[in-house]
Amino acid sequence: MTDDITNENEINGGKYLSTMNGEQNKDEEIDENHLANLRSSSNSTTSTVSCRSSSVSTSVLRKQQQINRRRAFFQDDVVGRSLTTHNNNNNNNNTNHSSTIDDNQQILTTNNDNYEINPEESSTVLINQHEENPTNKSFKRKAVSFSTMPFEKKVADVCDCLRYMQEGSDFLKVRSYARQFRRLYKLNETLTAISWYPTSKKPSKAMITIDSIKEIRLGKTTERLREYTHQFQNESFFSIIYTNGNNQYASLDLVASSADEANIWVTGLSCLIAGQGSAPSPADFEDRQQMRDRWLRDAFTVPEQINRDEQRSSTNSMDEEEAIRLLIDYGISEEKAKVRLQEIQSSKSESARGFFTTDELINVFKELSTRPEIYHLLVRYSRNQDFLSTEDLTLFLEAEQGNSKITREKCAEIIQEFEPSAEAKLAGHLGIDGFTNYLLSPECDIFNPHNRNVCQEMDHPLNHYFIASSHNTFLLADQLKGPSSVDGFIHALMRGCRCLELHCFDGADGQPTIHNGTLTTRIPVNEVLEAINNYAFETSSYPLILCIELQCAVSQQERLAQLLIEIFGDKIFLDHLTTNVNSISNEYRPLPSPNDLRGKIIIKGKKLPPSFSNEINKEYGEITDDEDCYEDNKRRSKKDTNSKRHRRLALAFSDLVTLLRSAPFEDFETSSNEQQSGQVCTFSENAGLRLATSDAEEFVNYNKRFLSRISPGTWRVDSSNLNPQDFWNVGCQMVAMNYQTAGKFMDVYFGRFLSNGGCGYVLKPTYLRYDNAAAAAAASSSIISGRLSTNLYSSNTPQILHIKVISALHLPKPEQAELKANSVDPYVVVQIFGVPRDCDEVRTKTVYHNCESPQFNEAFEFEIAFPELTLVRFVVLDDESLDYDFIGQYTLPFDCIQPGYRHVHLYTIGGDLIANAYLFVHIVVNSKSLAVKPRRSMSRYRRSLLRRKLRVAAFRPVNHRQIDDLFKSVVQPLETAFEYRHAVEQSLCELNEMCGLPDISNVKQCVRKIASRLQKANLVGAVTIRNQSDIPIFEYSTTLPELSRQSVVALEEVINRCRALIDNGSVIHKKLFSVQSEVCELSKDIPKLLEGNGLRGKKFTKAIDNFSYDLALLHGQTDLLNKAKQDAIVTIRQILEAAETTHLLVQSE
């Protein structure tokens, strides 16, 4: 588990604190000329040390060296890498400008997290950090490019990685003390050793031979990196584990200037050390691509019928138009293909221009189609080949993608479907092209396919669901004078809306019309009802609610009722048995479920009182003209509480309102005593927010029993949208939105309803609804309804969401930008919506002039306290758009995220899919660990652990002996359960460390690492795991090397602690459940018990609060123990599955 959580911001009042990546933007704003000078200074330094040539050191050079020491060498890779080649050429031609520099001048001082900067730089930083621009944009000049940018690294295979390594890279060498050294590291020409410059050692000593390297690790995987490199980006670290002259294990911990560079070195070194003792030659690596080359040669061979003229047949080539068309057929964008082919043309003679050979097209395809990030991933899981076998693919799917029990048949199906090479299909291999196709397939989408269909229980009462609702559905624009149209209803219904709003006014010829009572256009009500009838159940079969507000005469009300019956027919819900829900009795009766109302249209509106049925021969009655909106009603009642207007309501329409009817809201106490389950109160946006902040707990308890509807503020005349998350957090079911207005909050709204197949109904979390009769009965008590908390928040286990934004693909230019630039400078924003403490927003760096395949490689971490309420939104923006910066977005619920390497499909601001536009991300979700590693001293860590242990059983006195004794009896079991849970999580952390894996790795990846170590040491079979009654038993046949022994022992310790938790946790859980049942029985008579002890007034209230807290704490800790037991069972099962996949498992006789 991670030592610390990067998301330390608590957001209060629904406002978000944006965590911007200011340091990287600050580096990107450095002037390019200054960067060139810094680079040339560094290059001249390297040249000077190697040649030891003596020259005059000017004051300017010394000043630049001082700046270089103060600043990290991690400059903008976009500019820095492109300038390195240019400056190297300059240095070769101007050797007289080099000067002798001592080794001490190459030291970077990093005593503090921030480097020293002069006062001018300091003031500049403060201005950038506090400017109002929320995206922290820099102001770089746009450039028009007619060729590929020089900083784009062409990594199509491992040979490209090795060539890059032979050119050399500047790395920071991390030591166990404050001083860190920057060196130039190179791979020699024979591929047998890496060396570094400058150094005070002899050249023969300043190198590491390839055959002495045991492992290559990416990330903070050594103790030294975890302890001394908190100021650097995690994705830029890698470690070389090797044996020194004394045959002892040692690590060379390096920090690259970018994640791309680190990946190149890790991939190249991993291939070099995978030769099983034989030194690889360059020819060996060329052979790795033979199968792919044969497929490409067949694909790009020019057909004979095309080569008709003599010139083309002699060269076996095709013209540019045919070449571009062929490249497009294989997934290359037209723009990229044209640019690359023009570059090839420019290097040819006049006679050869206009035609391209097969070899040239193959090289172009490999350059443009091979995504380095996917190639690095393939090499990491392959067995020293440029393809994945069925076993490699099984390991990838189980260890990374979170799948289980993957069969060889499943892997064979994937290969047959996605691998383009017929030769590879026959051999059962998945090459880089097939692997890329698979990762872009729906199987690797970030959204869980299980949630594409209705997957939640639909038998709960209606008030247990969030319901997709529309505000003034008939409008297409603003609220004052915009057009009204039936298209508004069709659009909302096709987007999954289940609650529509209609305002009916008197029309001509006795036909009611629909409009907003302002200057908006009018539409006949019959056209609206016909459209609703045609599209009501196109996207969802669950009930549709029509909120009808009548502002018309009785005759037109009757005409409306007639039209409703004629058009909807049997679809209208007219079951008069359910009118008991709205009976005079105050007894609470639950509402029907969505399944009970399937295919029905429910009319919600005003209804005549039950006493009206006693009157004879009346076609209408009078009702109080109360405003539906709570805020408006409250404001008017302050002016004159005695004057109430009345208006007529047709009996024909009132009879159609059978299940849900509009009712005014007074206060929570009145609602608890008088409101019926079928009465629906509407709250204005401001009133709802006020109640959600000042009376959140009472609002939650109210929404557990009744339906509530939130209407946008009347000041939103432009049809802008409110933030629905503020109201979902307190359980409001129907948050009405302006569907005609696209934007951030509509994205969040649509994202919420993706989790249940887009049917318009989403089951609320358990702590926002009543799941048992006892809880409902306790809350219905008028004495303690406002005091007894049934929100079992303590049972929620916080989740840690790790998101690494790796890259993007085929990003379009902002579609609504009127002033479109010639290039796109994309960056990604990740937003978290949920309860206030979970809300967060972060952004990546900006990648300049690259919309086809920008590389971000930035990781973020979020602590999610309430996963069921959380949504994650990915937004891609253009950093330097002239007027409109939105490129694409995707929003989904936290519970629908699939872990592993996933592609995120991007959508337009209007919700339309953008073809072939993706984000490539890596997702890891795990529970917040109790095993936090000590960062300062062991004594502080122990004290912190003791405090957390005491908090799990910190019961408050209720001042009733029997109840207090019951809670005291579970203190020791709860503390013991905490120790078992902590032991399991601590053992998992130690396993990751012993295996040299990042903290977020899972147990399957650890088993794979152990098997890989045994295979490299030629010790296959030295360790076997026997499945004995679903318990892994280790057997050894020889002594293991130190690294393998440590990791195997750590894995055994995980199994032992999981078994201890499972065995002892069952006994503890039985005790906790028994006490919990007794306490729940006593809770039914808690007011009488406390009053019998003489508690009154504030003491009584305090005792009720303490009892509520203790009951929630006990219930929550019981759930946590039960979940920990289930997790321990899953961990043991995953170890057995991974052992079977890696051939470590042997079956018991």
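The backbone N, Cα and C atoms fix where each Cβ goes, glycine too.
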Correct range for region 'Disordered' (source TrEMBL, candidates 38-63, 506-531, 662-687): 38-63
From 1-21, 295-315, 400-420, 589-609, the residue range that TrEMBL assigns the feature region 'Disordered': 1-21
Secondary structure composition of the domain 'PI-PLC Y-box' (653-769) [DSSP: H/G/I, E/B, coil]: 49 helix, 19 strand, 49 coil
Local confidence of the prediction over the domain 'PI-PLC Y-box' (653-769), expressed as mean pLDDT: 92
For the domain 'C2' (784-908), residues assigned helix / strand / coil by DSSP: 9 helix, 58 strand, 58 coil
